[in-house]
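S.K.: Straight out of TrEMBL:
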type: TRANSMEM; residues: A:12-29; note: transmembrane segment
type: TRANSMEM; residues: A:41-60; note: transmembrane segment
type: TRANSMEM; residues: A:72-90; note: transmembrane segment
type: TRANSMEM; residues: A:96-113; note: transmembrane segment
type: TRANSMEM; residues: A:125-146; note: transmembrane segment
type: TRANSMEM; residues: A:187-206; note: transmembrane segment
type: TRANSMEM; residues: A:213-233; note: transmembrane segment
type: TRANSMEM; residues: A:253-273; note: transmembrane segment
Amino acid sequence: MLLEESLRKYRMGMALLAICVGAAYWPVGERLVTQWYIDPNYSHGFFVPLIACWFLYRDWEGVKACPVEPSLSGLAVMLAATVMLVMGFLSTEYFTMRFSFVVMLAGVVLYLFGRNVFGRMRMPILYLLLMIPIPYIVYDAAAFPLKLLVANASVSALKLVGMTVVREGNIIMFPNLVLEVADACSGLRSLMTLVTLSVTGAFLVLRRPLMRIVLVAAAVPFAVITNMARVIVTGILAEKVSPELAEGVFHEMAGLGVFIMALVLTGMLAFILRRLEVRDAA
Amino acid sequence: MQRRLLIACALLLMLGGLTNFHENLNVPLARPLKEFPQQVNGWRQVQDVTFSEGILGVLRATDYLFRDYVDAGGRRMNLYIGFHDGGPKSGPIHSPRNCLPGSGWQLESQRPVTVSGPDGEVEVVRAEYSKDGETTVFYYWFSVRDRVVTDEYSLKLMELFSSLTMRRKDSSFIRVAMDQSVEMDGDGAAFKLFFREFYPLIREFLPS
């Protein structure tokens, strides 16, 4: 039986199952959406499920024609997700609970439809992992050295154009303004947004694994460059125009400006990598 | 297929029962922390800090204490007690291992040390962090019911176990901070004295 037929034949059961998944993960999802809403590092979370659905839709012709061969290994995956959810729930460990949701989805697909279908749906399912905020202990370990790098390089650049600045840790002091390079416990702004952006671009435009890895890895230098631009522009504004304006712009730049700049950079790199792929294939 | 659907639904419904209906209890403190004595056998309170709304929003503690005490010799210690009652509205303990580096503190060293309490030895963590060229020594431990825990993983495991068996997940974080110069004075003796006086008192306030 093909997936298409199976879905049609058991549509009531499938709908019931979807409701059960919703019931089990409702409290987890509710908190996750709240975090997307309040945590500027994860505003992109809203788009991840939509893009995942779109990735699935794009490949739907192929997916629905996959043969269904239910696999018991899926039940083991579902049990693993159950253990994760129970442990995470009882110890209020959000990352574990949220991760469990993606594992559960994978398990359900494997259990009901088997490896063929799962293989074909793997990318959209795993893509959902990008909607989960990573634990701050992990995030900070990576982002803190980058934050210092941003502070360091920005100060050097500002000194180069002849400005008076002093740096102390991740704090940059101008004669009339003190800038902290990202607030405490927030890490390098938009790093995860950029990673999500580049993963999306990698699967949209590129075919070869190596090229995709290059594009995703580029998110780190792009985050550093765009955050540096934010600090430098703010510094110059503070000095030449007014500190109030700089603070306003500082926050605006943190969101929209950095994002647009990164979008352009990622787009350009994706374009170049695509050209390389096409040239190699020819 | 129908059997598989049933099994999957049954498993998920059980999970749904847990995530929607299991609620930990709000465990009260034995006494509110604001009643903590201002004078403890030679130690005198010199500062009592009230946190801003912003900080409290992040901290999500049920009750807290943030005070400076000074002894006759002028040695100044900062005591923080954060109690999280484990109920649906209480947040998790923020480990200094995340929060201090997140706000610009650099970890210099960290190791477990044993200090003597009223009922024998207690293991706590001694950590040195520096910021802006000054080094502060922190002694801290977590308290879950009547047990003292020093690492985040055991803390989580104990919370998990009590939540499952007793529907309670209350825990506290206790931290004593002092300038390095205070600590150097007599090889950590100041903290040992402080601990001996304060530990039994802290225990009296926390739930057992």
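Glycine too: its Cβ is placed from the backbone N, Cα and C atoms.
Each of the listed features needs to be described in terms of its position in the shown structure.
M.R.: Only residues 6 or more beyond the boundaries of the transmembrane segment (A:41-60), in the same chain, are considered here, and those with a CB under 8 A from a CB of the stretch are 32-33, 35, 120-121, 123-125, 127-128, 130-131, 133, 186-187, 189-193, 196-197, 200, 203.
Using a Cβ-Cβ cut-off under 8 Å and counting only residues 6 or more beyond its ends in the same chain, the transmembrane segment (A:96-113) has close neighbours at 3, 6, 17, 21, 24-25, 28-29, 32, 66, 68-82, 84-85, 87-89, 121-122, 125-126, 128-129, 132-133.
If you look at the transmembrane segment (A:125-146), the same-chain residues 6 or more away from its ends with a CB under 8 A from one of its CBs are 32, 35-36, 39, 41-42, 44-45, 48-49, 51-52, 55, 94-95, 98-99, 101-102, 105-106, 109, 118, 182, 185, 187-188, 191-192, 195-196, 199-200, 203, 220, 223-224.
Long-range contacts of the transmembrane segment (A:187-206) within the same chain: residues 40-44, 47-48, 51, 55, 123, 127, 130, 133-134, 136, 139-140, 142-144, 146-147, 150, 212-213, 215-216, 218-220, 222-224, 226-227, 254, 258-259, 262-263, 266-267, 270-271, 273-274, 277, each at least 6 residues beyond the stretch ends and with a Cβ under 8 Å from a Cβ of the stretch.
Only residues 6 or more beyond the boundaries of the transmembrane segment (A:253-273), in the same chain, are considered here, and those with a CB under 8 A from a CB of the stretch are 40, 189-190, 193-194, 197-198, 201-202, 205-206, 211, 214-215, 218-219, 222-223, 225-227, 229-230, 233-234.
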S.K.: Same-chain Cβ contacts of the transmembrane segment (A:72-90) under 8 Å, 6 or more residues past its ends?
M.R.: 24-25, 28, 96-97, 99-101, 103-104, 106-112, 114, 118
